[in-house]
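Novice: Can you keep this structure in mind? I'll have questions shortly.
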Amino acid sequence: MAGRSSVICTMKKEKNKSPELHSRERHPVLMVDDKEKNMKCLTFFLMLPETVKNRSKKGSKKANSSGGSGSGSGGGSSGSGSKLPPVCYEIITLKTKKKKKMAADIFPRKKPASSSSTTVQQHHQHNLCNNNLIPAPNWQGLYPTIRERNAVMFNNDLMADVHFVVGPPGGTQRLPGHKYVLAVGSSVFHAMFYGELAEDKDEIRIPDVEPAAFLAMLKYIYCDEIDLAADTVLATLYAAKKYIVPHLARACVNFLETSLSAKNACVLLSQSCLFEEPDLTQRCWEVIDAQAELALKSEGFCDIDFQTLESILRRETLNAKEIVVFEAALNWAEVECQRQDLALSIENKRKVLGKALYLIRIPTMALDDFANGAAQSGVLTLNETNDIFLWYTASKKPELQFVSKARKGLVPQRCHRFQSCAYRSNQWRYRGRCDSIQFAVDKRVFIAGFGLYGSSCGSAEYSAKIELKRQGVVLGQNLSKYFSDGSSNTFPVWFEYPVQIEPDTFYTASVVLDGNELSYFGQEGMTEVQCGKVTVQFQCSSDSTNGTGVQGGQIPELIFYA
C-alpha cells in the first residue's frame with residue numbers, strides 16, 4: 001500500500017491489551033479509502049505470536065513513543081536504541097461484497113500476442129483432421145475460460161483415457177475421448193464409464209455411427225458448438241438420440257425443418273418416424289400433401305422403407321393425380337428389387353410391392369391415364385385389368401381389391417385483397433404490360449396460383465403468364481389460358497406445382513395478360529388480410545408497369561394451401 005498516492009490512511013488508537021490474553025494481539029485499525037478502485041476496507045494489523053512473547057509493557061510504551069504511527073513491519077525498529085526485536089504484522093483485509101466476475105469478464109478475449117499462440121478455432125479445424133497434441137507447455141494460459149480450455153481437448157490425444165473406433169468395417173476412424181468430459185455431456189457415457197455395469201475398456205467400437213456424425217456430437221459436448229451439414233445431419237441426429245444429447249438432437253431437427261423441401265420430404269418422413277420426432281413428421285406431411293407430385297417424383301422417394309411407402313399410399317390428403325402415384329410406386333419397386341438383389345422383372349416388382357399395390361386408387365384415374373398407363377404396365381393381372389375397365393363402363397360394377405374412392409386432397413384457400421371491383425371504358429388495359437404485387441405471410445404456406453379478373457365487356461379468353469419470385473429469383477411460373485364469362489368474378493390460374501412460401505419474407509407475384517383489353521379491376525385494397533390462421537401483408541412492387549398496387553389493380557387473389 002506504500003506505493004499508492006491515492007490511498008489515505010487514518011489511525012484509531014486502542015488501549016494496549018495484555019499479551020497473555022491471546023496468542024495474537026490486535027493493534028491499531030487502519031481505515032483505507034482506495035479512490036482508484038472506489039472501495040473501502042478495514043485492515044487489521046495483527047502481531048505475530050513470537051513478537052508478543054518477547055515484548056514487555058515497558059518496551060511497548062517505548063515502541064509507541066518512538067515508532068509513532070509507522071506502518072508496515074519496520075514500525076518496531078525505527079526507534080533509536082530500542083532492543084526490542086522487529087515487529088512482524090499479519091494483514092487481514094475485510095472487503096465489501098461485490099458481484100463475482102467470471103473469467104471471461106476479467107480476461108476479455110484478445111488475439112494472442114505472439115504468432116505462436118493458436119486460437120481455439122484453429123485447434124478445432126486441426127483436431128478434426130487428426131489427433132493433435134498441444135506442444136506448448138503453458139497452453140492453459142492462452143484461454144481465459146473453462147469452455148475454451150475444455151475445447152482444446154476436442155479430438156485430442158492429450159490426456160485421453162479412452163478411444164473410440166467409429167464407423168462400419170472398412171470405414172472406421174479412431175477418435176480419442178476423455179471420460180469425465182463425455183460423462184458430463186451424456187448420461188449414456190456416464191453409465192458407460194461410471195455406472196454400476198461400467199467396463200474399464202481403453203477402446204470402444206461403435207460400428208453403427210458415422211465418424212463425421214460422432215465428431216459433430218463430440219464437438220458439441222467439448223466445445224458447446226453445433227456444427228451441422230446437410231449430408232451428415234441425419235447421422236448426427238441418430239448419434240444424438242443414441243447417446244441422449246437432447247439439445248443437439250433438437251438442433252438437428254430444427255436444421256431439418258428449415259431445409260425441408262419436396263425433394264427430401266419422403267426420406268425425412270421415414271427418418272422422423274424412426275427417431276420419434278412428431279413435429280418433424282407433421283412438417284413432412286404438410287410438404288408431401290401440398291407438393292405431392294414433386295415429392296413422389298423425387299429420387300428420395302425411392303429410398304424410403306416399405307412401411308413409409310404404405311403410409312404415403314394410404315394418405316387421404318395426397319394432392320396428386322393417381323397416375324403419378326402409380327408411376328412413383330413402380331419406380332420404388334424397381335429400386336427395391338436392386339436392394340434385394342432381385343432381377344428387374346414385372347413379377348418381382350409386383351412381389352416387392354405386395355399388398356401396397358392395392359392402396360393405389362387405380363379406379364379413380366382418368367380413363368386415358370388408365371388405358372395408356374396402368375393397363376399397359378404389365379403389373380396388373382388380366383382379370384384385374386378387365387375388372388377395372390368394367391368399373392369404368394358397366395352399370396353393374398365388379399368388386400375390386402383396389403380402393404375405388406378418390407382421395408380428398410387439399411382444399412385451397414383464397415386470400416382476397418380488395419373490398420370492391422369496378423370497370424371503366426378506358427381501364428383496365430394490358431398490352432403486354434406487367435401487373436405485380438408483393439406479399440408476405442406469417443406462416444409457411446404453398447402458393448398454388450392466383451385469382452385474376454376477366455373481361456368487362458362480354459366473355460373472352462385470356463393467356464396469362466404468372467410468376468412468383470423471391471429477391472429476384474424465380475420460384476415458379478406457368479403459361480396457361482383461362483376463360484372469362486364477362487362477370488366480375490375471379491378466375492383461377494394455377495402453377496404447375498405449388499410453391500413453398502416461408503414466413504416473414506416478401507415475395508413478388510406477377511402476371512402478364514394477353515386478351516380483351518378492357519377488364520375489371522380491384523379497388524379499396526387492404527395492406528393486411530386475415531385468411532383463416534394465416535395473416536397476409538401486401539405492399540407495392542417495383543416490377544408493376546400497369547398500375548397494379550396495394551390500393552387497386554389486378555391479382556385480386558392468392559390461392560394457397562396451409
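Residue numbering: from 1, along the chain as shown.
A Cβ is built for glycine as well, from the same backbone N, Cα and C atoms used for every other residue.
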Novice: Suppose you had to name the range TrEMBL annotates as region 'Disordered'; which of 1-27, 514-540 would you pick?
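Specialist: Residues 1-27 are the ones TrEMBL records as region 'Disordered'.
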Novice: Given the model, what does the mean pLDDT over the domain 'BTB' (160-230) come out as?
Specialist: 93
Novice: Using DSSP, how many residues in the domain 'BTB' (160-230) fall into helix, strand and coil?
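Specialist: Grouping H, G, I as helix and E, B as strand yields 28 helix, 14 strand, 29 coil.
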